[in-house]
């Protein structure tokens with residue numbers, strides 16, 4: 001059974017940066033959220049609603065009077081009896097509204113309470129947190145009227161993600177570029193963390209300030225020849241979620257990432273690696289500074305003993321044999337070489353006797369905790385937005401029910417803090 005995902009409404013305004021909103025919706029899905037899209041009429045000139053519908057899995061709202069917005073068109077419902085309340089329903093059901101890109105026109109509407117389309121009407125109707133990510137020409141962004149509107153929105157509690165600087169579509173160089181989608185997703189997670197009633201998300205916390213959290217993520221690859229490799233199904237989502245959560249909570253975070261398609265988390269120091277030996281070298285180079293180590297990567301247990309220097313050719317249906325050798329045990333080496341007081345959390349992906357096998361790893365490796373999950377269950381684990389599992393220590397077990405990997409990352413860090421308090425006594 002899947003956990004209910006948090007609904008995030010993405011408002012898309014008309015501007016060349018609207019194409020980046022497609023990536024934003026995808027990243028929100030990867031982070032475990034349920035994105036719904038509202039587009040202005042101008043936005044449809046740059047990206048079609050069908051594109052967002054295909055990615056989000058939901059109809060896209062484009063008008064107060066369209067069929068998508070209500071139960072019928074304006075002609076079928078001339079009094080607007082049904083469609084006129086859709087903005088209220090959308091406003092009440094969303095947990096957060098993020099507008100990206102936010103044009104100068106939409107910022108002005110929000111600041112002055114104008115409501116002449118679905119997005120501006122929904123903004124007035126919602127009590128959910130609001131994030132705006134402006135994008136426009138540098139002269140427009142720096143204009144006193146725009147800056148006054150931005151100041152008004154900030155004073156009302158709207159989070160404004162400052163645009164970046166660089167080459168703009170108009171050919172000018174300066175501020176006004178839409179913030180990167182990965183940074184916007186981080187801001188979404190931060191704002192939701194401030195507003196929820198759940199223990200792990202109650203408010204933005206800085207309880208990892210002063211910590212250096214070293215995280216591994218992704219699946220390593222061991223070469224067979226220049227083309228092929230031995231790999232695994234890890235997407236890296238769990239490790240990336242832990243890295244992002246630790247950063248939000250004040251830590252300096254170093255992420256050692258095996259190959260993955262995920263964008264680099266904002267504000268996190270990332271080192272890309274491929275093989276087990278690459279990962280070992282990168283981890284050992286950072287270990288002396290780490291106060292917490294979270295080994296979430298799926299590390300290969302075997303490597304090809306003799307890697308071919310040329311692509312191996314298929315000769316008819318002839319079978320081939322590969323001699324495998326064991327790889328270095330990074331986790332065991334980390335435990336043996338860590339500084340006093342450094343906490344080490346391992347991960348175990350199991351398909352049977354899950355908790356028993358996890359406890360076996362806890363004892364064999366000498367780690368402080370093991371997060372173990374059953375990857376044979378549908379909808380959790382490898383390449384999934386959801387996860388579930390058990391946090392095992394020598395003193396007991398904490399069960400994590402099915403939840404988004406973003407939320408599970410927070411829960412893992414909560415348990416790490418409890419271990420930190422325990423080791424202080």
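Every residue gets a Cβ built from N, Cα and C, even glycine.
Now, the feature entries from TrEMBL:
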type: REGION; residues: 1-212; note: region 'Phosphopantothenoylcysteine decarboxylase'
type: DOMAIN; residues: 7-191; note: domain 'Flavoprotein'
type: REGION; residues: 67-86; note: region 'Disordered'
type: ACT_SITE; residues: 170; note: active site, proton donor
type: DOMAIN; residues: 209-418; note: domain 'DNA/pantothenate metabolism flavoprotein C-terminal'
type: REGION; residues: 213-425; note: region 'Phosphopantothenate--cysteine ligase'
type: BINDING; residues: 301, 311, 347, 361, 365; note: CTP binding site
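The average pLDDT the prediction assigns to the domain 'DNA/pantothenate metabolism flavoprotein C-terminal' (209-418) is 92. According to its DSSP assignment, residue 365 (CTP binding site) is helical. The CTP-binding residues named in the record, 301, 311, 347, 361, 365, extend over a maximum Cα to Cα distance of 37 Å. For residue 311 (CTP binding site), the number of other Cβ atoms no farther than 10 Å from its own Cβ, over all displayed protein chains, is 11. On its own chain, residue 365 (CTP binding site) has 331, 332, 335, 346 as residues at least 6 apart in sequence with a Cβ closer than 8 Å to its own Cβ. DSSP assigns residue 311 (CTP binding site) to coil in the three-state reduction, placing it in neither a helix nor a strand. Note on residue 301 (CTP binding site): other Cβ atoms within 10 Å of its Cβ, all shown chains, come to 13.
Less than 8 angstroms from the CB of residue 347 (CTP binding site) sit 238, 295, 296, 297, 298, 370, 371, 372, each of them six or more residues away in the same chain. Long-range neighbours of residue 361 (CTP binding site) (same chain, six or more residues apart, CB within less than 8 Å of its CB): 346, 348, 367, 370, 372.
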